[in-house]
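If you look up TrEMBL, you'll see 23-50 marked as coiled coil. Taken from TrEMBL, the feature domain 'EML-like first beta-propeller' applies to 318-603. Annotation comment: TrEMBL describes 620-889 as domain 'EML-like second beta-propeller'. Annotated region 'Disordered' per TrEMBL: 1-21, 55-229, 889-916, in sequence order. The repeat 'WD' feature in TrEMBL is assigned to 613-645, 696-731, 742-775, 855-889.
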Amino acid sequence: MDGAAGPGEGQAGGLEPPGSDILGALNQRLRVQEEEMELVKAALAEVLRRLRLQEGTPRSLLGAPASPVSVQASREAASFSDSGPPAPPGLPPPPRPSLVSRGTQTEMEPESKLSSGPLALSNGPPAPPAGGEEELGGVQSEGGGGNSSGAGSPGPPGALRPFQLPQRGDTPRRNSSSFSSPSERPRQKLSKKAASSANLLLRSGSSESRGGKDPVSSPGGPGSRRSNYNLEGISVKMFLRGRPITMYIPSGVRSPEELPSGPPPENLSLDWVYGYRGRDSRSNLFVLRSGEVVYFIACVVVLYRPGGGPGGPGGGGQRHYLGHTDCVRCLAVHPDGVRVASGQTAGVDKDGKPLQPVVHIWDSEKLHKLQEIGLGVFERGVGALAFSVSDQGNFLCVVDDSNEHMLSVWDWNRGAKLVEIKSTNDSVLAVGFNPRDSSCIVTSGKSHVHFWNWSTGGGALGSGGLTRKQGVFGKYKKPKFVPCFVFLPDGDILTGDSEGTILTWGRSLPDSRTPGRGGAKETFGIVAQTRAHEGSIFALCLLRDGTVLSGGGRDRRLVQWGPGLTALQEAEIPEQFGAVRAIAEGLGSELLVGTTKNALLRGDLTQGFSPVIQGHTDELWGLCTHPSLNRFLTCGHDRQLCLWDGECHALAWSLDLKETGLCADFHPSGKVVAVGLNTGRWLVLDTETRDIVSDFTDGNEQLSVVRYSPDGMYLAIGSHDNTIYIYSVSSDGAKCSRFGRCAGHSSFITHLDWSKDGSFIMSNSGDYEILYWDVAGGCKLLRNRYESRDREWATYTCVLGFHVYGVWPDGSDGTDINSLCRSHNERVVAVADDFCKVHLFLYPCARAKAPSRKYGGHGSHVTSVRFTHDDSHLISLGGKDASIFQWRMLGGGGPGPAPPTPSRTPSLSPASSLDA
């Protein structure tokens, strides 16, 4: 059912459809009012009984008005003790009625008789003290419903507290001129209590209209919209988009200020990055002098060391350059094979301020930045880079992504720009220096090939040192795109275009009829054309033996060309990996191929190619980790379901879902996994055979969370139709049957967790609700949320709750945190935010603006984080950048699982910072 629950649906838990006739609604409302009248009568009877038992002195209660700060803690006034208002020294405290929870109502049950025997134990929330009732009531709740609680108890609220009933004749009196005389006191109490009761009745009749929202957000009377008792000392409150969210303090916590503060002792180190950005980028694959393969994804430049076998045990390792603040778009390697230039795109920080594009030049051996150029010069991003060759790589050519695609030449050692000119309004896809002559630069892109001449002696900074000759296609068909080119040893240039042809450009004398400004410099003209591929040619690579390798798009072919462009041999890339995006020559006869489906392949033309790096190709959301192995599963908008082996850093298997996968969870046995799709459909698959063993549909809206109970007996499905569907699960996890549904949220479900006993659920929704459900008792909504404050949760992924409210940044709009996960040893909590960062907080994190350890690397919003089964690693997903990061947990010590064994593939550049 869409929308909020109807009248009475919170009680029935969605097992029966809500009544639709007006008469039923009126009857329900009448029953609620009758129950409230009974409560008022019981309260008045208790007041009269206690007045007859003792003559107390009225005490005024201290209440702290709500503060408009973003996150506030409602604390009890220091003058109150655990048993309510303080009693005179040496005398026992005044009696307090116990509270008995009946269904979703909490009623007062008067003591049947007085006793001076052993201490009685109260396990319910505190009731108002005898002497203070005239000052209670009228405090309006800000938590989306009425709040009522006892005014006392600054200690652990709701804990088992002993109290004594005083003897009839030993009732103390206070001698103070500020209180009423004993004769006037009973009449004042009764008159004010009557007024408060009338208020209660006027405000309590509309509890059905709020549907699933909690009408009793504290231990007070049922259905109340006002806070009849002060919440000081038992709750904290935070605001998201101006909406107050009340969270109850567990009984074992006297004050949030007493909880540990500061960043956690644990730390994260980037262990492995899954994926490669081949879908929409070029100039992204090179081999260094050390034999390491350098490529990029998100904000990380990866240096991959191939091992003995692709993806197998004893395979390669990774190092990471993490100096960039936004997505890397292109690379260039210095002629020495050690220094690397990488250009990033423009972006915005978490405050909305623009981050300017820039180029980093860094040492690949030490991962140390040597120079940073172009800050404040480039616009939108850096599209293409190239080092000069003939002069030992002293110059760097950069083309940015502005409308004019500004071309500039830099003395990168000094960080000085030598010359700059507008190149073209069309896209520029490639740039390069002639290896025999650094004064010659070539650019290619949309419908053009340009030949540039420049001189370092051109005088002052400007465009006077650069002249351009436009390549003329003449009798040859002008292609729509020229994505790549390569310089031959004899000085000719080969270009690959979108028509699938390779054009040979040879040197010729300048022709005055040729458009452009060339001076007396020689230029290039087409001397030969070769039909090479079906569809576009995306890559050309000059091999050490002088042959040329071309990579096709549509036909996915790799072709080796000899002298005169005669085909020598070829190989076809499997369709599952996509088209060829980039080619690099490795050690010996080994070739590295990057593909448009974000895979990195290794092999040769004779024996074929196999993947060493694989990744998703579109936005990621679904993530779950195996309950007993170092494996995890991901899914996203590319409709691929992938199981990854965290030990081997390889893809174990993948499956085409045909629909977008948004969430997943392993059964506790690890034998099956549930996957939620964007159509309301969800599947259960066997993790070994990949067969679908169950297929269900609940509603027609996307599913945001699926979660098995700790014992595997239930499966909860959170939907965007505001409902949590509960299924009973067979012992092997293969069969499911509908058990019930939890209907009561007024917005879509975002997160949910099971209690450790597998009987209760805590859930969050899109409008920042925190609701609790008794699943074993019939999927009932627990309207008295206070009673769930001490419940222990098997997992903690809900982003709203007392134990994690400190992770929210000041001024948050409620969408800043996408995912959250508590470690299995319950020491730390990892957070994925909307600003490309992963955070690590102490757990519990119940202090406003808690400090954290912050880690960069993702180039898009981080959509999910999960710890592996032994807390040795943390997995994080990038959204639009389609990246998967595997972080290694370091440090900590103390009780809990042993520290993880260091990985064989260390990351030599930490990405952490302290975010206080």
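Every residue gets a Cβ built from N, Cα and C, even glycine.
Note on the repeat 'WD' (855-889): residues 266-275, 277, 279, 297-300, 320, 322, 325-328, 347, 598, 615-630, 632, 634, 636, 638, 644, 646, 649, 818-825, 830-840, 896-897, 899-903, 907, 911-913 of its chain, located 6 or more positions outside it, place their CB under 8 angstroms from a CB of the stretch. Secondary structure counts, DSSP: the repeat 'WD' (855-889) has 0 helix, 19 strand, 16 coil.
Each residue of the repeat 'WD' (696-731) gets a DSSP state, and the totals for helix, strand and coil are 0 helix, 21 strand, 15 coil. Mean predicted confidence for the coiled coil (23-50): the pLDDT average there is 76.
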